[in-house]
Amino acid sequence: MSEPGAAGPSPAAIQVSRIMRPDDANIAGNVHGGTILKMIEEAGAIISTRHCNSQAGEPSVAALARVERTDFLSPMCIGEVANVSAEITYTSRHSVEVQVNVMSENILTGAKKVTNKATLWYVPLSLKNVNKVLEVPPIQYARKEQEDEGKKRYEEQKLDRLETKQRNGDVILPVINPEPHTVGYSQSSLIHLVGPSDCTLLGFVHGGVTMKLMDEVAGIVAARHCKTNIVTASVDAINFHEKIKKGCVITVSGRMTFTSNKSMEIEVFVDADPFVDEPRERYRAVSAFFTYVSLSKEGKPLPVPQLLTETEDEKRRFEEGKGRYLQTKAKRQAQMQQAAQQ
Amino acid sequence: MSEPGAAGPSPAAIQVSRIMRPDDANIAGNVHGGTILKMIEEAGAIISTRHCNSQAGEPSVAALARVERTDFLSPMCIGEVANVSAEITYTSRHSVEVQVNVMSENILTGAKKVTNKATLWYVPLSLKNVNKVLEVPPIQYARKEQEDEGKKRYEEQKLDRLETKQRNGDVILPVINPEPHTVGYSQSSLIHLVGPSDCTLLGFVHGGVTMKLMDEVAGIVAARHCKTNIVTASVDAINFHEKIKKGCVITVSGRMTFTSNKSMEIEVFVDADPFVDEPRERYRAVSAFFTYVSLSKEGKPLPVPQLLTETEDEKRRFEEGKGRYLQTKAKRQAQMQQAAQQ
Amino acid sequence: MSEPGAAGPSPAAIQVSRIMRPDDANIAGNVHGGTILKMIEEAGAIISTRHCNSQAGEPSVAALARVERTDFLSPMCIGEVANVSAEITYTSRHSVEVQVNVMSENILTGAKKVTNKATLWYVPLSLKNVNKVLEVPPIQYARKEQEDEGKKRYEEQKLDRLETKQRNGDVILPVINPEPHTVGYSQSSLIHLVGPSDCTLLGFVHGGVTMKLMDEVAGIVAARHCKTNIVTASVDAINFHEKIKKGCVITVSGRMTFTSNKSMEIEVFVDADPFVDEPRERYRAVSAFFTYVSLSKEGKPLPVPQLLTETEDEKRRFEEGKGRYLQTKAKRQAQMQQAAQQ
């Protein structure tokens with residue numbers, strides 16, 4: 001089986017390394033998934049913007065359009081070095097696929113572990129007119145199959161983006177005196193005023209900044225539910241349909257949708273409120289599902305209290321979450337069998 | 001009248017300068033009041049911790065107990081240098097009074113302006129046992145009157161701290177589809193996971209970090225109400241009754257209580273939720289009133305839409321706010337007359 | 001002449017890339033020298049800690065001992081990508097030499113410029129006993145001359161470190177109502193409470209964090225003097241004689257020592273005050289000279305107002321600064337002639 005980009009790093013590959021600081025982690029010392037997602041996205045933004053401007057023409061800034069589902073395979077700790085490497089693995093007429101690998105490295109022992117692998121899709125927007133999508137210079141493939149496989153991934157994500165329901169009408173309503181382990185008990189939201197350092201050259205929020213805030217809220221929901229140390233286990237595919245401008249207030253809200261024996265699924269909504277100098281109403285910018293596990297002090301997954309669903313909607317969402325959970329489990333088993341046969 | 005500390009900087013005086021960065025300010029370039037409050041508190045924490053450890057004995061960390069009302073006299077801008085100078089002006093057996101002056105300096109023109117003056121009270125807590133309050137070494141006064149005036153200020157604040165109602169039962173409930181300019185329309189809340197950099201050596205949140213978050217929420221409430229550029233005009237006295245530990249989730253909520261022609265008063269609540277590994281329930285840690293004004297592009301105060309009160313509680317809070325507003329106005333006029341007569 | 005490391009990147013080379021954000025820069029959009037120094041030092045700390053632990057034995061953390069003089073060759077701007085690459089070029093028994101190159105990359109135009117090159121020396125300290133210096137595993141050299149040249153650099157810096165006077169008695173005293181362009185007029189200081197994210201695994205401040213604070217103060221001094229947009233032009237060799245522990249208060253003070261027609265030299269002192277739980281008095285941790293130039297809007301160097309020296313000490317320091325200035329100028333001219341002859 002050929003991995004994408006197996007032909008070796010292209011000249012355009014980049015590598016970003018950074019020591020993980022206490023502020024990057026929870027009190028148990030595990031680095032937040034959101035910190036890693038932000039590093040991944042920054043690497044992707046650099047490499048795709050560089051590529052899109054590699055030929056003479058109108059200058060552009062690559063904006064994050066989509067992140068494929070990513071699993072956090074092993075926790076990273078304070079003091080370890082996060083090594084993020086990114087390369088472009090496919091280009092369509094208007095989009096760039098970037099594959100990013102993250103390794104944690106204990107520089108005291110030399111131990112290295114794969115933390116996660118992610119695939120991101122970027123679209124070049126004109127620096128002069130943010131609503132104009134420009135053309136992407138094609139990359140060269142070492143082998144024809146690489147192009148074909150890339151095209152297949154491109155078509156799949158395109159289909160998925162069309163299907164995505166933004167759950168636009170869905171809002172998270174507060175509950176008075178909720179019982180422990182109900183949905184209302186752990187649901188949480190934060191607001192954030194978008195500052196200059198959150199934004200790209202175009203003055204719109206970096207996708208990575210948004211994902212970091214989403215992980216922050218989802219992590220609080222998970223910890224409120226199980227009252228133990230929790231870590232991000234995976235993030236479902238996220239589509240960035242709507243841009244968020246500098247000066248907006250972002251409201252990020254999360255609610256638990258499903259629990260298995262050892263995992264919790266949290267749905268997160270991001271709403272943007274232009275609220276100063278803008279005719280536009282508050283709008284839904286992104287939504288996504290995050291999965292968390294609870295870890296013991298030895299790093300072993302702990303059982304999770306079952307989510308108590310009360311309303312019809314909560315029960316329906318629980319069943320939908322169960323569906324996603326079983327589908328992912330089946331997919332993973334199929335991959336393991338396939339790997340074993342090779 | 002002799003100002004506290006008029007005898008010149010004591011040997012223990014400290015000075016902190018920092019260039020204001022884009023992230024310190026709103027999109028109009030005005031530095032957030034919360035950024036300044038955080039700098040003020042950091043200077044106070046350093047000088048009072050240093051003083052409390054100036055004699056041999058049990059080491060201690062000074063914790064913020066109270067900030068007196070402070071007025072923001074002129075806005076500070078990105079690129080200007082904030083000069084914060086702090087000195088100890090009074091000590092009681094268990095507390096330290098710190099006076100802090102903030103000047104903005106445009107280092108390109110040399111222009112300096114007084115931004116605000118603040119008075120903070122700190123209490124030394126044992127480094128080994130955070131629940132033990134230690135004794136404060138007495139300071140030397142240049143003149144006897146300085147000690148007497150300090151003692152008067154000490155007694156006044158002590159009285160006020162006893163009187164303060166924490167509004168513990170009060171919660172901010174969400175409103176569905178609120179009308180513009182109602183209380184429900186602009187009310188906002190954020191959550192923040194307390195990280196290591198938010199905390200003192202004792203592992204409890206710096207008072208300045210809490211005040212910065214409070215100003216952030218209050219500013220969003222104000223901007224949502226009037227949809228223009230707003231700046232912090234003043235903060236009422238704040239008492240820090242309850243400590244907040246590392247790892248807690250803080251919920252900071254704000255609602256508008258009163259509007260005059262050109263100002264908005266916002267009440268802010270801070271609730272701490274230990275939520276991991278702690279037997280303690282969520283509790284109210286701090287509450288305070290912030291006042292904002294809306295500024296035109298030329299920096300002139302703009303008229304503010306009147307707050308629409310609907311419930312009995314809202315009407316009562318509006319009247320209470322009006323009382324505080326008129327009292328402050330009367331006090332300021334009295335001071336100006338006194339100054340004119342001297 | 002063969003440059004160090006000319007044999008190509010060793011397997012231990014690392015690369016760090018990051019987009020420059022508004023907070024990394026001054027209001028004219030030029031990235032602070034301190035931001036770059038901090039990135040350089042982080043890359044050096046990673047690569048040298050990794051190397052020192054590459055053989056079985058007592059785990060260690062590499063601590064910055066010295067940074068050689070570095071010139072900032074061209075300014076970097078907000079939105080550009082800083083590409084920092086580091087590799088180990090020499091090892092002695094107890095120290096590691098790291099060479100770091102910084103390139104600025106405009107990802108819209110593809111333009112790349114060398115920003116600076118730096119040489120850093122690290123020493124491995126035992127993770128268990130911070131006062132124990134461990135041995136460094138030797139590196140392999142592609143050619144014998146590389147080892148000889150490295151040894152020569154090692155001996156030179158060792159000599160220079162022994163000679164360095166820390167100016168321990170020197171303090172910067174405040175001046176009342178100073179005249180413009182005097183030393184007292186522009187001198188500045190800041191204090192910083194050392195937080196967890198400022199520190200290495202050993203709980204001591206990263207050299208890069210210290211250098212960033214030094215550059216911040218020196219930049220304020222320079223801007224106060226000439227009241228124009230200024231950028232860091234060079235930093236003289238800095239020796240880190242004394243470690244600074246988490247929880248300390250750092251006071252960073254700067255004063256102008258010399259001006260040429262188009263440059264300003266600023267001396268910066270770093271004093272650490274353990275101030276809680278430590279028997280130790282405040283002590284001088286680092287001192288260094290920073291050179292700044294003033295830039296027009298087109299990026300051309302502007303004339304600088306002459307520094308007015310008043311006291312005997314100021315006149316002496318001015319002459320010493322002039323000596324350093326002329327020496328550097330002569331050295332640069334010799335290098336250019338040498339390059340022209342090759």
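The count begins at 1 with the first shown residue.
Positions of Cβ are set from backbone N, Cα and C atoms, glycine also.
Here is what TrEMBL records for this protein:
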DOMAIN    B:10-128  domain 'HotDog ACOT-type'
ACT_SITE  B:Asn26  active site
DOMAIN    B:184-298  domain 'HotDog ACOT-type'
ACT_SITE  B:Asp215  active site
REGION    B:311-342  region 'Disordered'
COMPBIAS  B:313-323  compositional bias 'Basic and acidic residues'
COMPBIAS  B:333-342  compositional bias 'Low complexity'
Here the Cα-Cα span from B:Asn26 (active site) to B:Asp215 (active site), rounded to a whole number of angstrom, reaches 12
DSSP puts the residues of the domain 'HotDog ACOT-type' (B:10-128) at 23 helix, 56 strand, 40 coil
Per the Cβ under 8 Å criterion, with at least 6 residues separating them from its ends, the compositional bias 'Basic and acidic residues' (B:313-323) contacts 183, 257-258, 260, 265, 267, 289, 307
B:Asp215 (active site) -> DSSP, reduced to three states, gives helix
